[in-house]
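Now, the feature entries from TrEMBL:
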- 43-64: transmembrane segment (TRANSMEM)
- 45-453: domain 'Ammonium transporter AmtB-like' (DOMAIN)
- 76-94: transmembrane segment (TRANSMEM)
- 133-154: transmembrane segment (TRANSMEM)
- 161-178: transmembrane segment (TRANSMEM)
- 198-216: transmembrane segment (TRANSMEM)
- 236-253: transmembrane segment (TRANSMEM)
- 265-286: transmembrane segment (TRANSMEM)
- 293-311: transmembrane segment (TRANSMEM)
- 317-337: transmembrane segment (TRANSMEM)
- 349-375: transmembrane segment (TRANSMEM)
- 395-423: transmembrane segment (TRANSMEM)
- 464-497: region 'Disordered' (REGION)
- 464-492: compositional bias 'Basic and acidic residues' (COMPBIAS)
- 512-533: region 'Disordered' (REGION)
- 522-533: compositional bias 'Basic and acidic residues' (COMPBIAS)
Amino acid sequence: MAAPASLLEGLPYVPLSPYDGSVPTGGDSGVDNVNIFYESGDISFMIVSTALVLLMIPGVGFFYSGLTRRKSALSLIWLSVMATAVVSFQWFFWGYSLAFSHKAGKYIGALDNFGFMNVLAQPSVGSPRIPDLLFAVYQGMFAAITAAIAVGAVAERGRMLPCVVFMFVWTTIIYDPIACWTWNPAGWANRFGGYDFAGGTPVHIASGSAALAYSYMLGKRRGHGTQELNFRPHNVTHIVIGTVFLWVGWFGFNAGSALSANMRAVMAAIVTNLAACVGGITWMMLDYRLERKWSTVGFCSGVVAGLVAITPGSGYVPAWAAVVYGVCAGLGCNYATKIKYFLQCDDALDIFAVHAVGGFIGNLLTGLFATIYIAHLDGYTVIQGGWLDRHWIQLAIQLADSVAGMAYSFFGTCLILFCLGAIGKVGSPMSLRVSSEEELLGLDDVEIGEFAYDYVELTREVRAPRDDASSARSEQTERQMSVDKPHEKPLAQHDSAYDTSFAHHDSAYNKPFVSNNGYDSIHADAGQRRAGD
């Protein structure tokens, strides 16, 4: 029962008012109070969710960094944070308008919100419970992390500059249209009845397919298929840190996609955590069955696979279904790491296996387990449900949406990279790939000039302060050593040890790694199955 108006007088209370649709900006904020259209709790919840999604982006960088060799570890962290900067600008410039314009068509939006023009207090196309401005910054984080996931494909061999250009172009041509047709009410998949709560197709299938295309266009790494690439992850701690960042941030990713603080968001948080836990255990048990080792990398891979799979269904399925998602993701993504051998593609971090295949699995399971009563937990969403509600056609709708997103992203990415590669043949800075010699040195040295682990600079600091006399004595000693013990290199020759020592054995683990939970950049292509992401 509503409280009498007299009881509200004198209290710091602003009554909620329906939006009257008067102006595109939601009102004249210089005169009117535009906050009266929204609950402050919803605004607060979405701001926190936005920050959580942002936290996921360095998580991707740390995860990728830990999987590769140390000589290229910093480059992947650099790319993840650069994706935030580049895509955030693209999103402000025209990305948001192309994806979520109020005047959008079936495939892409208009430019009526170019440069965030008129993006202020009008109810968003995603939900009438939050304004355009808040929806724009929240969805901008989704665009940024999608690009960050995809560009992991450049691991150990791709140049930075063309990759940065690729981020901007790819987000414009690939991500924005898929986001429009999936989440904009005018989009064809949305109108067709597809269920994708938080990004199974726009985020995971799109990024995983793009990574596969990027890997194809770059070609295989130096020494691919030989002992040269037979090594462990150089820093498992980084992998765990990245997984934790992703796991925590995914609560904002999935629960925040309810776009208001309600029971549907709570259910999304529950199934997100449960699917992650079951996915991690499933993948680790698969690895233990073969190796009798409780793999940390395998567990982290399964956690990410579970999180990916539950993403499209997190606002549609009951809690018990999350167990099925976790098991199917752990099994499916683990075995999907074999696909790259069949395709003869050097997907160094198995982005396709975890994100594209995981997103595909999640989309199909959502067609099976989506239910009317879970979707309506927010109080207003009405769906026909999936197979649990005897809506049999839903599985076919989910399949059509998944295949369309995968094909569009893969072939569109190939076309973008073909054009960038053609430009690179004219101007070398735009060449997609470093030379064989530069690849041996590592991307950190060649492209960035800084290192995640600066052993080269440490060696220089130790050697630097010597006077002329001591320098002469040292040089004489070194010459004598080269005569007496030619197999022992003097210290000066070890300035390049960052390359020669770590390129082949990654000195922290100088024995070959034969495992079923590792990553292809982590061990040789001798038929072993790789863990995800």
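Residue numbering: from 1, along the chain as shown.
Every residue gets a Cβ built from N, Cα and C, even glycine.
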### Stretch contact, the transmembrane segment (395-423) with the transmembrane segment (43-64), Cβ-Cβ under 8 Å, 3+ pairs
no
### Query
Quick one: do the transmembrane segment (43-64) and the transmembrane segment (133-154) reach 3+ CB pairs under 8 Å, ignoring pairs fewer than 6 apart in sequence?
yes
### Task
Note the mean pLDDT of the domain 'Ammonium transporter AmtB-like' (45-453), expressed as a whole number.
95
### Task
Spell out yes or no: are there three or more C-beta pairs under 8 angstroms between the transmembrane segment (293-311) and the transmembrane segment (198-216), with each pair 6 or more apart in sequence?
yes
### Message
Considering only Cβ pairs within less than 8 angstroms, which of the stretches 76-94, 198-216, 236-253, 317-337 has the most against the transmembrane segment (161-178)?
### Response
76-94
### Message
Which sequence-distant residues neighbour the transmembrane segment (76-94)? Criterion: at least 6 residues beyond either end, Cβ under 8 Å.
### Response
54, 57-58, 60-62, 64-65, 68, 111, 114-116, 136, 139-140, 143-145, 147-148, 151-152, 154-155, 160, 163-164, 167-168, 171-172, 448, 452
### Summary
Outside the transmembrane segment (236-253), at least 6 residues beyond either end, the same-chain residues with a Cβ under 8 Å of its Cβ set are 48-56, 58-67, 73, 142, 198-199, 269, 272-273, 276, 296-297, 300, 303-304, 307, 311
